[in-house]
Amino acid sequence: MMLRYTQPHRHHKIRPTTLLTGVLSLSTSSPLPESYTVTPPIKPWPQRLYPKRLVIMITRQQNLDLALQIFQYAGKFHPGFSHNYDTYNAIINRLCRGRAFDPVESLLSELRESEIKCGENLFITVIRNYGLAGRPKLALKMFLRIEKFGLQPSVRSLNTLLNAFVQTKRYDLVHIIFKNSKEKFGVVPNVFTCNILIKALCKKNDVERALQLLDEMPAMGTIPNVVTYTTILGGYVSRGDMGRAKRIFGEILDRGWLPDATTYTILMDGYCKQGRLIDAIKVMDEMDDNGVAPNDVTYGVMIEAYCKEKKPGEARNLLDDMLLNNYVPSSALCCKVIDGLCEEGKVEDASELWKRLLKNNCTPDNAIFSTLIHWLCKKGEIWEARKLFDDFEQGTIPSLLTYNTLISGMCEKGDLNAAGRLWDDMVDKGCAPNAFTYNVLIKGFCKIGNVKEGILILEEMLNKKCVPDKATYTILIEGLTDLGMEGEITKLVAMAISNKGVGSDSWDIFLNKVDGKLENGAASIDKLLLEDGT
């Protein structure tokens with residue numbers, strides 16, 4: 001927003017305010033001269049404005065600065081417009097999601113002074129986001145402020161607060177608030193409240209107290225449900241006590257309840273973590289027999305277990321099922337399956353799997369491509385790796401990891417010309433090489449006996465302020481030694497020291513590998529250091 005004086009040649013401007021500093025201080029408490037006008041923060045600004053339209057404008061605005069400026073301009077400078085609960089709720093919700101809590105506190109103070117009638121949803125939003133941001137004390141403070149706005153906290157806001165405590169691992173606060181909820185806050189806990197406390201107790205590894213609360217629930221007027229038992233089941237699984245976990249699972253069935261996908265998945269995960277894949281498969285078969293569909297977490301647990309047990313074929317089949325059921329696997333999960341297939345020499349199967357992933361709208365990913373390129377290079381199929389890289393480059397910008405993987409494969413194969421061209425392409429596209437990139441190229445030249453070219457690359461590395469590591473000097477010293485060029489090692493050390501290119505982890509390389517190879521051993525290094533210091 002900008003204030004502009006309208007008299008010719010005499011302009012008074014106020015700089016546009018920013019989100020976390022001055023925008024909230026802009027106030028009409030001091031009347032402005034009539035000759036000032038206010039420029040709207042966005043154009044076009046609607047001539048007619050009503051709360052619903054402002055809510056849409058705030059919600060759709062990606063820039064938090066502008067969202068807040070739109071809100072402030074509407075309330076202070078748009079003729080005839082007044083904020084209501086919906087507009088405050090919209091801006092506070094937007095700011096909370098952006099973790100901009102300072103203006104939220106100011107807006108809440110402003111809202112309280114306005115005497116606008118509030119709804120509890122606004123406070124639930126703030127409490128939840130304080131929890132997600134790891135601020136349990138502020139979440140509690142917000143809960144305690146609800147009454148000051150003329151509202152009675154409900155069990156919904158209580159449960160949101162307790163969930164925030166669980167998220168931030170403040171399990172002690174969960175029990176304290178739960179115990180005082182009725183007397184101090186006038187809120188009667190429900191089954192969800194009890195489930196949250198049971199979850200906190202299980203997170204503390206106090207499953208016995210969780211079981212005690214389970215027995216006390218009917219006397220409190222709450223009936224345990226599948227979630228209650230599933231939470232306790234998860235507590236036993238975390239302990240590795242699969243015997244008791246299975247008994248809790250049996251109790252769920254005995255009560256005539258059908259376990260959901262989460263219950264089955266927790267049990268399967270427990271077996272998988274103990275390496276009991278066959279037991280996990282039995283649970284998944286039972287799940288299928290009972291008509292319970294697996295969710296994305298279920299698939300992830302079993303696919304990872306198959307990969308860990310070196311069964312990539314089964315993992316691939318399950319990944320296909322996952323895709324058929326419209327679940328999008330994570331990049332990490334795809335990498336594990338592809339890595340497992342390639343490790344068994346099934347690089348073509350891995351490539352085919354990736355093509356299927358693309359058809360199912362899985363976003364191209366540098367990590368997956370780097371995995372495929374690594375295995376294609378390892379198999380000696382450099383041309384295939386380059387073709388895959390070129391296809392990938394058409395739709396996505398390759399990462400340094402992807403470049404490094406292909407350059408490394410080319411150098412291993414001895415195709416240094418191709419590696420050099422790819423290097424140039426990488427630099428032209430603004431992707432700066434790191435120590436690993438330099439090292440693979442240096443190693444490639446040393447491998448074919450061209451150590452001098454490797455030293456030239458080291459010089460460039462030093463000029464680009466990329467600090468060599470232990471591997472850099474090890475490769476060059478061993479390369480010079482293999483060629484009987486021990487005399488050149490002194491020059492290498494001198495160049496490294498004079499260019500400040502020796503990190504603390506590299507000195508042991510000089511002292512251990514160079515000692516006995518230089519004419520005067522470590523004394524030569526001392527001399528070089530003295531020369532460099534003078």
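Note: Cβ is positioned from N, Cα and C throughout, glycine not excepted.
Residues annotated as repeat 'PPR' in TrEMBL: 84-118, 190-224, 225-259, 260-294, 295-329, 330-364, 399-433, 434-468.
The DSSP breakdown of the repeat 'PPR' (330-364), given as helix, strand and coil counts, is 26 helix, 0 strand, 9 coil.
Each residue in the repeat 'PPR' (225-259) has a pLDDT score, and their mean in this model is 95. If one looks beyond the repeat 'PPR' (190-224) by at least 6 residues along the same chain, the residues whose Cβ comes under 8 Å of a Cβ in the stretch are 155, 158-159, 162-163, 165-166, 169, 171, 174-175, 178, 181, 231-232, 234-236, 238-239. Under 8 Å from some Cβ of the repeat 'PPR' (434-468) lie the Cβ atoms of residues 400, 403-404, 407-408, 410-412, 414, 416, 419-420, 423, 426, 475-476, 478-480, 483, 485, 488, 492, 495-496, 499, 501-503, 506, all in the same chain and six or more residues away from its ends.
A Cβ distance under 8 Å defines the sequence-distant neighbours of the repeat 'PPR' (84-118), meaning residues of its chain 6+ beyond its ends; these are 19-20, 23-24, 51-52, 54-55, 58-59, 61, 64, 67-68, 71, 74-75, 125-126, 129-130, 133, 135, 138, 145, 148-151. Under DSSP, the residues of the repeat 'PPR' (260-294) split into helix, strand and coil as follows: 26 helix, 0 strand, 9 coil. As a summary of secondary structure, the repeat 'PPR' (434-468) carries 26 helix, 0 strand, 9 coil according to DSSP.
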